[in-house]
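Peer 1: Pasting the relevant annotations from TrEMBL:
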- 239-447: domain 'Orotidine 5'-phosphate decarboxylase' (DOMAIN)
- ASP245, LYS267, SER356, ARG432: substrate binding site (BINDING)
- ASP298: active site, for OMPdecase activity (ACT_SITE)
- LYS300: active site, for OMPdecase activity (ACT_SITE)
- ASP303: active site, for OMPdecase activity (ACT_SITE)
Amino acid sequence: LDDTTSCSASTDSLILKLHDVNGVKFGEYKLKSGLLAPIYIHLRVLVSHPALTHQVTTCCLHDWAAVPLCVPYTALPLATVTCSRYELPLVIRQKEAKDYGELPSTDFQKGDTCLIIEDTVTSGTSSLETAEGLCKEVVLMDREQGGVEMLASKGIKLHPIISMSQLLRVLQAAERIDAQTSQSVHKFIRDNNTFCPKNGSDSPASKKLELSYSERAELGNIYLLASKLLKIMEEKQSNLCVSADVTNSEELLQLAESLGPKICMLKTHADILEDYTSAFIQNMQALAEKHNFLIFEDHKFADIGNTVKRQYDGGLYQISSWSHIVNAHAVPGVVKGLSAVGKPLGRGCLLIAQMSCQGTLAAGEYTKAAVQMAEEHSDSVMGFICGSKLTERPEFIHMTPGVQMQAGGKSDCTHGYTVHAFSGTSFVVVTRGAPSSTDCTPEGEACTVSDQEIQRFV
């Protein structure tokens with residue numbers, strides 16, 4: 001916010017009032033990411049305190065000539081009250097995709113200045129999603145964890161009403177908190193900065209905390225099978241999954257025996273085996289137990305819940321009886337059907353959120369919907385098939401098919417493979433199969449790679 005005397009003088013009193021109504025709390029709080037924080041900002045309480053909301057709105061629009069736009073959902077009451085008080089039009093960014101329109105009818109015109117109102121900022125991601133192509137100024141509370149720097153790097157100027165440093169200073173001066181509490185919060189903020197500049201600076205202010213596999217495995221809200229997988233990754237110091245697209249069960253068992261000690265997961269296609277038997281499955285389960293890897297049946301479920309239940313539990317393959325993990329397209333009902341069968345057995349599901357094949361529809365709004373579906377069913381969905389990191393929640397596994405032909409590679413798919421750059425994902429998938437040359441694609445899903453090359457990626 002601009003540094004006018006009237007609003008600047010009121011922020012200290014605003015901080016104290018927020019503390020009075022538990023809008024700011026100190027202790028030990030588990031965040032959405034799974035981290036334990038010594039402070040919790042709970043600005044939803046503002047809706048129950050009209051006088052306090054009035055004070056906030058005074059700061060939000062002091063001397064600003066702009067069309068306000070709010071980030072859903074906590075900031076919506078603030079933006080609504082602000083616009084009603086000053087008789088200004090309001091634009092609301094929709095969080096979910098709709099089949100009709102994108103923004104409500106407003107006086108918002110191309111070229112107008114747009115002011116985003118948000119409750120708090122940590123990384124600045126939600127503000128950036130709203131601001132891209134729309135505006136240059138954002139008003140909110142800054143947790144000082146890299147949001148200002150990240151938005152500035154995108155050409156967006158952030159104007160906080162309150163900063164974390166100011167909040168701690170005021171509360172300590174008023175003897176609401178002691179020096180130890182203030183230092184604890186400052187340390188947490190420093191250690192959990194979310195912005196790393198492109199110049200690669202490794203200063204404490206630019207570091208982003210990354211949890212180890214073992215730390216993620218111990219998160220309180222992580223799905224049990226995801227925890228087991230992360231522990232395997234930590235123990236083997238490997239994030240390798242081999243895609244065993246072979247058609248002979250004996251060859252598949254030999255592959256599992258030779259590569260089992262080096263991999264965390266073996267991806268199978270039971271329905272392409274020409275000699276599938278229950279004896280084969282028993283042998284595969286024994287190898288998974290012997291070498292400590294999980295079996296991932298790449299079935300790609302995509303049907304209504306009742307049909308999916310029958311496909312998963314019954315039929316020739318009885319997948320739920322032996323496969324630790326399956327995957328599915330983000331079709332309504334599919335997770336519920338899989339969960340009904342797999343959850344009692346401790347099985348897990350990966351949602352297909354992105355695909356690399358040309359012309360794929362698994363992108364954009366579909367990907368966002370898949371992430372939302374996973375978050376709503378985190379008691380059975382353990383992660384995603386994707387090409388990049390889709391959520392900051394560390395309890396989710398991100399699994400990326402990882403072998404592709406280098407530019408200019410030979411068309412018979414027997415040379416020139418490399419693991420492509422995958423951004424923040426948990427697994428690289430190396431394909432070991434024997435397709436015909438006509439099946440070979442740049443995405444690597446049907447390409448072969450030798451045992452020696454696979455070992456190179458461990």
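Glycine residues also receive a Cβ, built from the backbone N, Cα and C atoms like all the rest.
Because TrEMBL annotations are produced automatically, they should be read as predictions rather than curated entries.
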Peer 1: Quick check for the class: what is the C-alpha distance, in angstrom and rounded, between ASP303 (active site, for OMPdecase activity) and LYS267 (substrate binding site)?
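Peer 2: Per the Cα atoms, ASP303 (active site, for OMPdecase activity) and LYS267 (substrate binding site) stand 21 Å apart.
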Peer 1: Using a 10 Å radius around each Cβ and counting other Cβ atoms from all shown chains, which of the recorded positions LYS267, LYS300 yields the largest count?
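Peer 2: Buried the deepest by this measure is LYS267.
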Peer 1: Using the alpha carbons only, what distance in Å do you get between LYS300 (active site, for OMPdecase activity) and LYS267 (substrate binding site) once rounded?
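Peer 2: That separation, Cα to Cα, works out to 12 Å.
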Peer 1: I'd like the number of other C-beta atoms within 10 A of the C-beta of ASP245 (substrate binding site), please.
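Peer 2: Step by step: centre on the Cβ of ASP245 (substrate binding site), count other Cβ atoms within 10 Å, giving 21.
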Peer 1: Can you check which residue among the active-site residues ASP298, ASP303 has the largest number of Cβ atoms within 10 Å of its own?
Peer 2: ASP298
Peer 1: To the nearest whole angstrom, state the Cα distance for the pair ASP245 (substrate binding site) and ASP298 (active site, for OMPdecase activity).
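Peer 2: Cα of ASP245 (substrate binding site) to Cα of ASP298 (active site, for OMPdecase activity) measures 10 Å after rounding.
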Peer 1: Can you give the mean pLDDT for the domain 'Orotidine 5'-phosphate decarboxylase' (239-447), rounded to a whole number?
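Peer 2: Mean pLDDT, the domain 'Orotidine 5'-phosphate decarboxylase' (239-447): 81.
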